[in-house]
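S.K.: This is the structure I have questions about; it appears just below.
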Amino acid sequence: MLIRFKINEIECEVDEEKEDLTILQACTANGIEIPRFCYHEKLTIAGNCRMCLVYVTNEEKLLAACGIPLDENFDDESIETEIDEILKAREGVMEFLLINHPLDCPICDQGGECDLQEQTIAYGLDTGRFYIKKRAVEVKAFGRLIKGIMTRCIHCTRCVRFLTEIAGVNELGVLGRGYNMEIGTYKKNVIIESELSGNIIDLCPVGALTSAVYAYKGRPWELKNIKGIDIFDTVLTPINYQVKGGEIFRILPRINDRLNEEWITDKVRFHYESYKIIEKMRKDTPSYKIQANKFIELSWKTALKMVFKVLLNKKNKVDLIIGSKINSTNLRIYKELMNRLGSKNYITENGLLFKKFNYDFRENYINSNDLYNVDQNDLVLLCGINLRVESPLLNIKLRNINFGDDEIETRKKIGIIGNKFDWKQESEYLGSTVNSMLKVFEGRFPYCQQIKKSKAPLILVGSSLLSRIAISLQEIRAAFEIASNIKPENVLLITQGANFGMALEEGIFKENFSKGGNVLYSIDSNEYKVSKTINYIIYQGILNDTFENKIDLYLPSKHYFEDFESDREIYVNTFGQRSEIEKLRISKGNKIKENSMIGYIQLMYLNKKEMNRKEKEQKEIKITYRGIKQKEKRQVKINKNLTINNIIDNYYMTDINSRLSKNLMITGQLRKEKKIMEAGSWKNKTCI
């Protein structure tokens, strides 16, 4: 039904069948601004603040625009948003909100981004009439990352609704009523155990919840935005680095409804403090180990001569392991280098997890389903994946699928194979061993009947499963297709590392990579154990905290967001979507080189123009193909009793950046050991 109505004498129309809008949404769609505090488009409607009051003809009282849906009753009605009655009501609402608000604006970190400040100027009174003592609320301890000065709180409940509805934790709530109403944890001094807790900082319209790491560091108008990505997650969430004077001050999300909506993880939001520590600890010149724990500095010319001597020695067998943050240009350069050396023994750091992988076809490692329409799935099966720590943003998309009101039926729709984790209460746990996976293929669980009945199932396969058994994703898809007639595109692979798909695109993978060489050439990679056969290590990267004392030759290189020649670089996520990042310069030493520059120098007889020409030709070639839907039958020896363990033990300490971030490290320890923070502990901490 087409509904016709007027907003401030402007004629509007809405198709009720296509659009389910409230008055506030209709006004916003027609370019009419209505002030609000509690309303947020990604959260349920609360109607707490009453700032969005509007007048509707034939209604006795003003209505809250955020909570009134447009239906057939509004046909030929008129809505007013700027009449004197409404303006006076807004002044009254603002006066009540400001009654207890402290005069912290000069020192508040929300300054310049404060909704309360802006709406007070636009809609508030110029004088205050409140003469009684203002109420003060004690500082709340929400952990090392979030500073809670709750005297500033206006009780919009955005933080409560986000944590409950989206993050899936019930640790914040509204306590008391009336004058004594507060927002806090149900238990005193309990930290918020969510990998996405930092998003309540962005949601808070006032300065009640702010970043403890950013406290008193800068003002938003001083900071420059530079596009980046969440390098810790294969989704490659778009972010903004906010920088000043070559230093990162904050990291904020960029809105992308197909990927992250407007959320980012705590790890990417707060890890940036580690870059300052790295710059203090790292050397800016090459160094060579002359004896245990004793290094001498070298010139780049001498260091590269030593590299050539080692790599060109025919007696040496070189293993090349490339870090998970290296971009596609550098992947191509070092693959070319190894090919010129006559070696095929190269792999990425995250590729070490897989015993077998068929990368002949792009559909085997790039997922065609981007989970934007995840609500259409009627069944979810997680195979060897802990979404809370492996991909928190995918976790919140999937855990909020509405399968219906029947709790028993809902439980039958969600299955988990692998280690248990706190994902969704109404789920069916099928076991933690490889044998459980085989039983699913054989249809020996009652849950398998649900899989067969499902019209739009979603199967997520994680690295934990493929790292345990020598079976490829293609074979898993074929098994599901034979057992339950599930289409291959409904079986998705969620890997670790930002460049896994790009590396497979370049053909950088070696099955059963043995690390059997005697020379290890590591490009910004240190998340693995060094093989006993290695007697010489060349480490080229930022800083190595895993096997630093074993390194023989160190070549300092730049961070991934500095390590490209042009001003922009493209990364490709697990769904095949391109994410653009801009160049960000924070390295202090002028002697530090880009990985690409070091690689070009090593390719002595291959100049840059030729490499650029090859790269351009590869980009222009378009190959159209169809995947082979062949149900291959072969015998595979599998230990059925192998446990599918999580590959991530501590979410907050997975790489050098997160390990060197003091606040992330302590947060990980606190959550792992379930310790309780003391109230106001952020005051005593040192933000590095």
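Note that Cβ sites are derived from N, Cα and C of the backbone, with glycine treated the same way.
Computed from a predicted structure; not experimentally measured.
So Swiss-Prot lists the following for this protein:
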{"type": "BINDING", "residues": "C38, C49, C52, C66", "note": "[2Fe-2S] cluster binding site"}
{"type": "BINDING", "residues": "H101, C105, C108, C114", "note": "[4Fe-4S] cluster 1 binding site"}
{"type": "BINDING", "residues": "C153, C156, C159, C204", "note": "[4Fe-4S] cluster 2 binding site"}
{"type": "DOMAIN", "residues": "1-85", "note": "domain '2Fe-2S ferredoxin-type'"}
{"type": "DOMAIN", "residues": "85-124", "note": "domain '4Fe-4S His(Cys)3-ligated-type'"}
{"type": "DOMAIN", "residues": "223-279", "note": "domain '4Fe-4S Mo/W bis-MGD-type'"}
S.K.: Return the single residue from the binding-site residues list (C52, C105, C114, C204) that has the minimum number of other CB atoms within 10 Å.
M.R.: C105
S.K.: When you rank C52, C66, H101, C114 by Cα distance to C153 ([4Fe-4S] cluster 2 binding site), which of the binding-site residues ends up on top as the closest?
M.R.: H101
S.K.: Quick test of the contact rule: Cβ under 8 Å, at least six residues beyond the ends. What residues does that give for the domain '4Fe-4S His(Cys)3-ligated-type' (85-124)?
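M.R.: Same-chain contacts beyond the ends: 35, 37, 49-51, 53-55, 62, 130, 134-136, 147, 149, 151-152, 154, 204-207, 210-211, 214-216, 219-221.
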S.K.: Out of C38, C49, C66, which of these binding-site residues is nearest C159 ([4Fe-4S] cluster 2 binding site) by C-alpha distance?
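M.R.: When the Cα distances are compared, C38 comes out closest.
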S.K.: Applying the rule Cβ within 8 Å of the centroid of the Cβ atoms of H101, C105, C108, C114, what extra residues of the same chain belong around the [4Fe-4S] cluster 1 site?
M.R.: P102, L103, D104, Q110, G111, L116, Q117, R152, V206, G207
S.K.: Name them in sequence order: residues not among C38, C49, C52, C66 whose Cβ is within 8 Å of the mean position of the Cβ atoms defining the [2Fe-2S] cluster site.
M.R.: L24, R36, F37, Y39, A46, G47, N48, R50, M51, A64, A65, G67, C156
S.K.: Just jot down the residues in the same chain as C38 ([2Fe-2S] cluster binding site), at least 6 apart in sequence, with C-beta under 8 A of its C-beta; none if empty.
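M.R.: Spatial neighbours, sequence-distant, of C38 ([2Fe-2S] cluster binding site): A46, G47, N48, C49, C66, C156, T157, R158.
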S.K.: Please report how many Å separate the Cα atom of C52 ([2Fe-2S] cluster binding site) from that of C105 ([4Fe-4S] cluster 1 binding site), as a whole number.
M.R.: 24
S.K.: Measure from the CA atom of C204 ([4Fe-4S] cluster 2 binding site) to the CA atom of H101 ([4Fe-4S] cluster 1 binding site) and give the result in Å, rounded to a whole number.
M.R.: 14
S.K.: Show, in sequence order, which residues other than C153, C156, C159, C204 on the same chain lie with their Cβ within 8 Å of the centre of the Cβ atoms of the [4Fe-4S] cluster 2 site.
M.R.: I154, H155, T157, R158, I183, I200, L203, P205, V206, A208, L209
